[in-house]
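Asker: OK, Swiss-Prot features for this one:
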{"type": "ACT_SITE", "residues": "Asp8", "note": "active site, nucleophile"}
{"type": "BINDING", "residues": "Asp8, Asp174, Ser175, Asp178", "note": "Mg(2+) 1 binding site"}
{"type": "BINDING", "residues": "Asp10, Gly43", "note": "Mg(2+) 3 binding site"}
{"type": "BINDING", "residues": "Gly11, Asp174", "note": "Mg(2+) 2 binding site"}
{"type": "BINDING", "residues": "Lys151", "note": "substrate binding site"}
Amino acid sequence: MIRLAAIDVDGTLTDRDRLISTKAIESIRSAEKKGLTVSLLSGNVIPVVYALKIFLGINGPVFGENGGIMFDNDGSIKKFFSNEGTNKFLEEMSKRTSMRSILTNRWREASTGFDIDPEDVDYVRKEAESRGFVIFYSGYSWHLMNRGEDKAFAVNKLKEMYSLEYDEILVIGDSNNDMPMFQLPVRKACPANATDNIKAVSDFVSDYSYGEEIGQIFKHFELM
């Protein structure tokens with residue numbers, strides 16, 4: 001029996017313009033009323049996921065920066081990684097490449113966001129990996145992360161917090177940066193707009209996209 005759903009935000013609950021699906025909100029609230037714990041896992045910053053938790057009524061902890069930091073139900077913020085090294089890397093690379101800071105870095109605590117011109121991506125990726133960092137593009141922003149800082153880390157943290165088995169957890173996501181949590185032995189589902197890699201490892205692929213899929217997924221797994 002599934003007891004917890006860990007859900008990505010951009011492209012999973014939102015459309016191409018990053019507007020949240022009202023149908024997704026209704027489905028989440030219906031499932032929560034039946035006892036499901038819902039957690040959001042986003043690449044965005046804590047102020048954003050905190051606001052989503054409060055205004056959408058999410059009943060579980062929410063994670064920002066792809067699992068690097070969490071806002072818990074007791075009102076505390078728990079930081080699992082540092083951005084000291086990633087910020088220094090950005091500062092260094094910005095002097096030699098087109099890698100440059102973005103607005104949301106003023107709120108980031110566990111990772112670093114950036115923009116970059118396409119011709120510099122391979123070089124910066126190799127430099128990052130040689131120093132124990134990982135870079136990826138979420139479809140909305142470039143992220144510079146510490147190794148091991150990903151959504152699988154967040155799901156494992158939830159598993160520990162709620163004393164769950166993997167088969168009691170459902171993950172829902174749409175893009176390749178969700179893949180770490182899809183590689184865990186959990187239940188997996190995705191919207192129709194998901195990447196082929198995510199679809200290939202999903203237990204259920206919805207006919208609907210951009211948040212409209214949440215109700216169908218929850219019904220498939222008998223959560224509402």
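Glycine too: its Cβ is placed from the backbone N, Cα and C atoms.
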Asker: Return only the integer: C-alpha distance in Å from Ser175 (Mg(2+) 1 binding site) to Gly43 (Mg(2+) 3 binding site).
Answerer: 12
Asker: Among all chains shown, work out which of the binding-site residues Gly11, Gly43 has the most CB atoms within 10 A of its CB.
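Answerer: The largest 10 Å Cβ neighbour count belongs to Gly43.
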Asker: Taking the mean position of the Cβ atoms of Asp8, Asp174, Ser175, Asp178 as the Mg(2+) 1 site, which residues outside that list, in the same chain, have a Cβ no more than 8 Å away, listed in sequence order?
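Answerer: Those within range, site residues removed, are Asp10, Gly11, Thr12, Ser138, Gly173, Asn176, Asn177, Cys190, Ala194, Thr195, Ile198.
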Asker: Near Lys151 (substrate binding site), which of the binding-site residues Gly11, Asp174, Asp178 can be found within 10 Å, Cα to Cα?
Answerer: Asp178
Asker: In Å, rounded, how far does the Cα of Gly43 (Mg(2+) 3 binding site) sit from the Cα of Gly11 (Mg(2+) 2 binding site)?
Answerer: 12
Asker: Neighbour count, 10 Å Cβ-Cβ cut-off, for Asp178 (Mg(2+) 1 binding site): what number do you get?
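Answerer: Within a 10 Å radius of the Cβ of Asp178 (Mg(2+) 1 binding site) lie 30 other Cβ atoms.
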Asker: What count of other C-beta atoms do you get within 10 angstroms of the C-beta of Ser175 (Mg(2+) 1 binding site), across all chains shown?
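Answerer: I get 22 for this one.
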Asker: Just how many other Cβ atoms lie inside 10 Å of the Cβ on Asp174 (Mg(2+) 1 binding site)?
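Answerer: The answer is 25.
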Asker: Including all protein chains shown, what's the count of other C-beta atoms within 10 A of the C-beta of Lys151 (substrate binding site)?
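Answerer: Its Cβ has 25 other Cβ atoms within 10 Å.
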Asker: Out of Asp8, Asp10, which of these recorded positions shows the lowest number of other CB atoms within 10 Å of its CB?
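Answerer: Per-residue Cβ counts within 10 Å for the recorded positions Asp8, Asp10 bottom out at Asp10.
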Asker: Measure from the CA atom of Asp174 (Mg(2+) 1 binding site) to the CA atom of Asp10 (Mg(2+) 3 binding site) and give the result in Å, rounded to a whole number.
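Answerer: One finds 8 Å between the Cα atoms of these residues.
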Asker: When DSSP is mapped onto helix/strand/coil, what comes out for Asp10 (Mg(2+) 3 binding site)?
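Answerer: For Asp10 (Mg(2+) 3 binding site) - judged by DSSP and reduced to three states - the answer is coil.
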Asker: Using the alpha carbons only, what distance in Å do you get between Asp174 (Mg(2+) 1 binding site) and Gly11 (Mg(2+) 2 binding site) once rounded?
Answerer: 6
Asker: Whole-number Å only: compute the distance from the Cα of Asp8 (active site, nucleophile) to the Cα of Asp178 (Mg(2+) 1 binding site).
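Answerer: About 8 Å separates the two Cα atoms.
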